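Over in TrEMBL, the protein carries these features:
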| type | residues | note |
| --- | --- | --- |
| REGION | 47-68 | region 'Disordered' |
| COMPBIAS | 53-68 | compositional bias 'Low complexity' |
| REGION | 475-495 | region 'Disordered' |
| COMPBIAS | 485-495 | compositional bias 'Basic and acidic residues' |
| REGION | 539-559 | region 'Disordered' |
| DOMAIN | 553-630 | domain 'UBX' |
Amino acid sequence: ACTGIENIDEAITLLEQNNWDLVAAINGVIPQENGILQSEYGGETLHGPAYGPTSHSTAASTPSSSSAFRHVVPSRQIVERQPRMLDFRVEYRDRNVDVVLEDSSAVGDIKHILENELQIPASKMLLKGWKTGDVDDSTVLKSLHLPKNNSLYVLTPDLPPPSSSHSGALQESLNQNFMLIVTHREVQREYNLNFSGSSTIQEVKRNVYDLTSIPVRHQLWEGWPPSATDDSMTLAASGLTFPCHRLTVGRRSSPVQTREQSEEQCTDVHMVSDSDGDDFEDATEFGVDDGEMFGVASSALRKSPMMPENAENEGDALLQFTAEFSSRYGDCHPVYFIGSLEAAFQEAFYGKARDRKLLAIYLHHDESVLTNVFCSQMLCAESIVSYLSQNFITWAWDMTKEANRARFLTMCTRHFGSVVAQTIRTQKTDQFPLFLIIMGKRSSNEVLNVIQGNTTVDELMMRLMAAMEIFSAQQQEDIKDEDEREARENVKREQDEAYRISLEADRAKREAQEREMAEQFRLEQIRKEQEEEREAIRLSLEQSLPPEPKEESTESVSKLRIRTPSGEFFERRFLASSKLQVVFDFVASKGYPWEEYKLLGTFPRRDVTQLDPNKSLLEVKLYPQETLFLEAKE
C-alpha cells in the first residue's frame, strides 16, 4: 500500500535484505522526503507508513475507529533479484533431513537429495506436506510461493515397514510425531497439527477447540479409526496412519430456523443488496457496515441477540455468545471461556503460579456505533487473538439488555468492589465495547486497565503488553514465594517422613526384642518342664529298682562297671537272674535314659540296648562282671 510493489518475490527479497524490518524496507524504496511521513493527529513524525482518514470518507466516526493507509506512489530503486534460499525439514519415519535449495529448483531436486540421504529410490517416494494442491516433480518451488522454513514428510507405500515386536512398535510410535491434517468443514480451512504419539485424542480435540472455537462437546468428527473409541487413548494406540492422517471436524447441527425467520432474513439481505453499491464501497474499508451508513444500528439487521436475557446458566449464555460472535465476525476471534465468572477466576488466578494468567473481560454492546469496528478490526486481528490466547483467559458478557447489564454490575460489585462497578455503570453506550484487564492478587482482584472501544490495534496491543509486564513482575514474585514455600514443605515432609521411619524402626526393634524375650521365656519354661519331667521319671525309676545285693550274698551276683560319656564311672551289683531291664532302669535313674543313650559291651563289642530287656544278665552274658560304655545315640 505504501510502496506500490505488487510482485511478492520482489517484496520478500526487499524484506530479507533488510532482515525483515518492515520500516527499513519501506524507507529503502521510498525517497527520504516521502519515507518520513507526517501524522495528521498531533504533528509527531512517524517513520514508515502513516495512518489517517482518507479525503473521500463521509462516515462520521472517530479517527481511531476509521483509519487506512495513505497511498503513496513513489519512485522505486531498482533491486537486483538475488536467489532466494528455502529451508526444508523432511521427516521420514524416525529420521529428519534438512534440505536447503534455491527457489528456482524443482520438487524433483529435493527427492534426489533425499535419495542419497535416505537410500530410497526417488521413484518410490511420495513427498507430502505441501500447502497447495497438485505438486509433481517438475513443479518449480518459486511458483508455490513458499515461506522460508517448510516442513515436509515422505511416504513409501511400496516399501515394507521395518519389522519389530508389537511392544517395540508401540513404544516407537509413542516417540513419533503424527501430523494431523484437520479440515474445518464449515469454513473449508485446513490445519496441519503436529502431535507426539503419547498425546491423547482429548488433547487433540481441545487444541482444535482453540483453533475453531467449536467446544469439544459440539465437535462432530470424521476420519478417526474404528479403534479410537476412547478420548483418553493415545494417538499411537488409536490406529492413526503414520506419519500423516486426515480428519474432518464440524459443529453439530443446531435447531432449524423457522420458515418465517428465514424469509425475514432473506428480505433484509435483498434490501441492503438493492441499495447503491457505490455508497458502501468505502464504508466497509473503515469497518462501518451498511446499517451504520443509514444511521441504523447493525444489530437491528440481526435477529439473534448475542446473549439471551435472564439466562439461568452463564455457561449456556456464553455458548450462544460465542456462536453468534463467530457468525457475525468469523472464526478468527478470541477463545472465550465457557463458564461462570467465578470459574474464570479459578482458571486464571488459582492454579500454580507458573500457570496463572491475566483475565480479560470483554463487555459487548450491540447499540454502540464502535462495536462493529472494534470486533472486526481490533478484537479479531490475528495478532490480538494470538496474544490473548497465549497470555489471557478471555471471558465475555453482553451489556445490551438491561437485565444482563444489571446482572454483570452485581457480579462486578461482588468481585471488584463498588468503585469499579460505578465506573462501568457511568460508561455511555457509545464508549462501549469495554475491555477489562484483571490481575489476581492474594487478597483481592485488581483491575489493571479499562480499554474503551475507540482505540486502534496498536494501542490495544500496547495496553495489553503493558498489563502483561505488570503481571509478569508480580508472577515472578509469586513463583519465587511458591518455590520457597514448596521447598519448606518438602523439607518438612522429608523430616516428617524420616521421623516416621525412625518411629517405625524403633517400634519394629522393640517388638522384635519383645518377641525374642517371649520366645526365650517359652523355651525356658519348656526346658524346665522337661527337666522336671526327667527328674520325676528318674526318681520313679530309682525307687522302683530292687535293692543292691550284698557281696556275701549266696545268690549269683553280677558286678557291672559303667563308663559315662564324660569319663566318669559308676558301679553296681545285680543278681545274675535280674532282667536286663533293671540295668536299663538303673542307667536311666542316673540321667541316661536308654531312649537317648546306648550301652556298648567291650569284648565282643556289641550294643546291649538292642538285646531283649526281659532276658536275665546271665543269659546275655553279663556275668559275673562286665564293663559297659554309655554313648549318645545319633
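Cβ from N, Cα, C; glycine included.
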Helix, strand and coil residue totals from DSSP for the domain 'UBX' (553-630) stand at 13 helix, 29 strand, 36 coil
Mean pLDDT over the domain 'UBX' (553-630): what is the value? 89
DSSP residue counts for the compositional bias 'Basic and acidic residues' (485-495), split into helix, strand and coil: 11 helix, 0 strand, 0 coil
